[in-house]
Every structure is written in C-alpha cells, then in structure tokens.
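Enquirer: To start, I am sharing the structure in question, which I have written as structure tokens.
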C-alpha cells in the first residue's frame, strides 16, 4: 500500500520510500556505473547497428516507390512492422525461457505474464504515440519537401531534452545544453544545402493545417521516446522481450484500428493490407522492425539522447557512402555540419560535462544527521528481523537506489 510517497508492507507493516521518476534515473545511472566496460561495448554495438539500419532506410523507401508514389497503404506497413516485432519478441521469449535456471520464475507462466502486463501498462502510451507518428511521417510529405521535414525533425533534440528533464528528472549541465544546441545547429547547417533556392521559411507551407502537423510532428515522437524510456527503465528487472511484447502488441492493435478506420472511410478494398506491396516494401518492413527492436535496447540500457546522436551519425555515414559509391558531391555545408555534430557529441559525453550531485548520496544537513543515523539503524534492525523498528524509515530520499546493484 502506498501513501504520501511511502510504501507499507501489508504483512510486517515496514515502510519503504516509493520510487519517483528521479529515483528511476538515479538508480539506473548507479547501476550503469558498475558495469561501465560492458556499457561502453553495448553502446558501440547499438550505435553501429543503428547506423546500418538508418542508413538503409532511405534507400529502401526510394526502392518502394513506383513512379515517384507509394502504391501501398502507410498504415499497412506500420501494422506489418508491429506484427513482425511481436513475432520476434515471442521467439526471443521462448529462447530465453529455455535458458532459465532451476528455481527462477518461469517467463511463460500465466501469473508472470499477467503481473508484467499490469506493471508495464504504461507502454500503451508510447505505443499509441508511435502509431500516430509513423502515419504522420507519410502525411508530412504531402505538405513539406523532404528537406523541410528533415529541418523540422531537428527540433526534436531540444524537445526530447526538455521532456527528459521534466518526466525523467534528468539533469543536464550548461555544457550539455550547449552541446545539444550545437547538434541542432550542425544538422541544420548540413541540411541547408539541400533546400531549394528561392524557398521562403525553409519551404514551410503557410497554412493552419501545416503548422498543426508541424507541432504534432515534433512533439509526438519526442513524447513517445521519453515515455518509452521511462516505462522500460521503471520496470528494469522485467525481461526486455516481455516488455517489447506488450509494446509491440499495443502498437499492432492501434495500427489495426487505423486500418479499420480506413475501411470505413475508403471502402472494403482498403482492408487488403498486402495491396501494392513489393519485395522492396518487405525489406522496408524488416528494416523498420529491426530499428524498433534496436531502439528498445537504446531506451532501456542507454538513453534517448544517445539514440538521437546515433541517428545523426548514421545520416552522416549515409552521406559519405553516397559520395564514395554513388558519386554524390560533398558540399561545404556537409563538412561544416558533421564537424559541428562531432564536436557536440564529444562535448555532451565528456566527463567534464557530467552533472554532479549537489550533495553526496550519504550527505545530510547537520540537523538531520541524528535522524538519518537512527533511520539507518532501523533499517539494519529490520533486516535482522526487528520489524518494529522499521517504521522509522519514513523520510523521503530520492537517492535510494530503485534497481538492484
């Protein structure tokens, strides 16, 4: 039972501080610092895989067009992508369950599934937001040029940082805020060269609906990423494949509802989800599914900011590959842009830019020191079986780790 930020055991009536969003962030950071070498290796693999998948996506989208148009329904692509990810999550759950040790709670039991579903109900929020965003990507092409869409997507960097600050209680130093601003500038400088001459306001269509789509296009995916990270990390001990099963299952449901909506407005023929698809679109679906799966590892074991930097680096490598293999010319804007991006990345992840706690985890004000010592004593006694003294542990301490170290 939870009351006034404190959880009380219904059996022994001991009290423990309830985790807050900041507790989730702190606990994760402390857990991560213990496995820094594995963390760096995982980050390298995540960024490398993301660069490959993001780099392939523009090529597959181009190959999916027929006479410059899409012959398939965008919602059908999103639905098939979610179904692919659900199948992958189920397969990985089966493999993981077979490797469980004796005495561990079975992953595939009904009780485990129901309990995990309750604990991860928040994943329905990013699933809905992703469904909206994936459809919006195609809609944006109707109102803006591709270069303008890229320019607008740059605003997500700052929006994500602001949302992380308020939702995840993440703290950024002044140097890190400057690094994020540099990232925004670097990407913009790179893409300015692709905007046609004579286009005003970066090609913005001055209509009310265009501005509404712009606001949604920037806000929705940022909210989805941050809420996804919060939902995954708040249940850190739950298998990521089980969490993905819920996330992708919700996504498939929302996209299927979108298909039913198109049937109502466009007729029964739009229910054929395979209409207009080709071999290229099947590769596109697999690529999108792989990106979604990889993103879940970013959000649970890394963070949203690293994912954004990774996607930026992937775009840069795509430009370099185009110059090397397709003969495209590298502009001055591109070279200046990537230089600014790499400076931003080095600055953001530099140890000097890390936010330091105002006070160490064990530091307290002098007047609170005596109370803290009695609280620690109560906690020790509780572990020894003295449940009567455990009720002294009622002070709110957001620095208390949520995750097991």
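Quick reminder: no glycine exception, Cβ is built from N, Cα and C everywhere.
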Enquirer: Choose the correct range: of 4-24, 172-192, which one does Swiss-Prot annotate as transmembrane segment? Give that range.
Expert: 172-192
Enquirer: Under Swiss-Prot, which of the candidate ranges 101-121, 122-142 is annotated transmembrane segment?
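Expert: Here Swiss-Prot associates transmembrane segment with the stretch 122-142.
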Enquirer: For residue 70 and residue 269, give whether Swiss-Prot records them on the same side of the membrane.
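Expert: Membrane side for residue 70 and residue 269, as annotated in Swiss-Prot: identical.
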Enquirer: Would you please say which range out of 245-265, 350-370 has the annotation transmembrane segment in Swiss-Prot?
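Expert: In Swiss-Prot, the transmembrane segment feature sits at 245-265.
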Enquirer: Are there residues at least six beyond either end of the transmembrane segment (172-192) with Cβ under 8 Å to its Cβ atoms? List them, or say none.
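Expert: Here the qualifying positions are 147, 150-151, 154-155, 157-158, 161, 164-165, 305, 308-309, 312, 315-316, 319, 333-334, 336-341, 343-345, 347-348, 350, 352-355.
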Enquirer: Short question: which residues 6 or more past the ends of the topological domain 'Cytoplasmic' (303-322) have a Cβ under 8 Å from it?
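Expert: Tertiary neighbours of the topological domain 'Cytoplasmic' (303-322) are 43, 46-47, 50-55, 58, 156-157, 160-161, 164, 180, 183, 186-187, 190, 225-226, 229, 295, 328, 330, 334, 338, 341, 345, 348.
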Enquirer: Residue counts in helix (H, G, I), strand (E, B) and coil for the topological domain 'Lumenal' (266-281), per DSSP?
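Expert: With helix first, then strand, then coil, the topological domain 'Lumenal' (266-281) has 8 helix, 0 strand, 8 coil.
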Enquirer: Taking a Cβ cut-off under 8 Å, which residues six or more beyond the ends of the transmembrane segment (75-95) line up next to it in the same chain?
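Expert: For the transmembrane segment (75-95), the list is 107-108, 131, 134-135, 239, 241-242, 244-245, 248-249, 251-252, 255-256, 258-259, 262, 273-275, 277, 281, 284-286, 288-289, 292-293.
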Enquirer: Can you tell me which recorded stretch out of 44-64, 245-265, 282-302, 323-343 has the most Cβ pairs within less than 8 Å of the transmembrane segment (122-142)?
Expert: 245-265
Enquirer: With CB pairs under 8 Å as the measure, which of the listed stretches 44-64, 245-265, 323-343 comes out on top against the transmembrane segment (282-302)?
Expert: 44-64
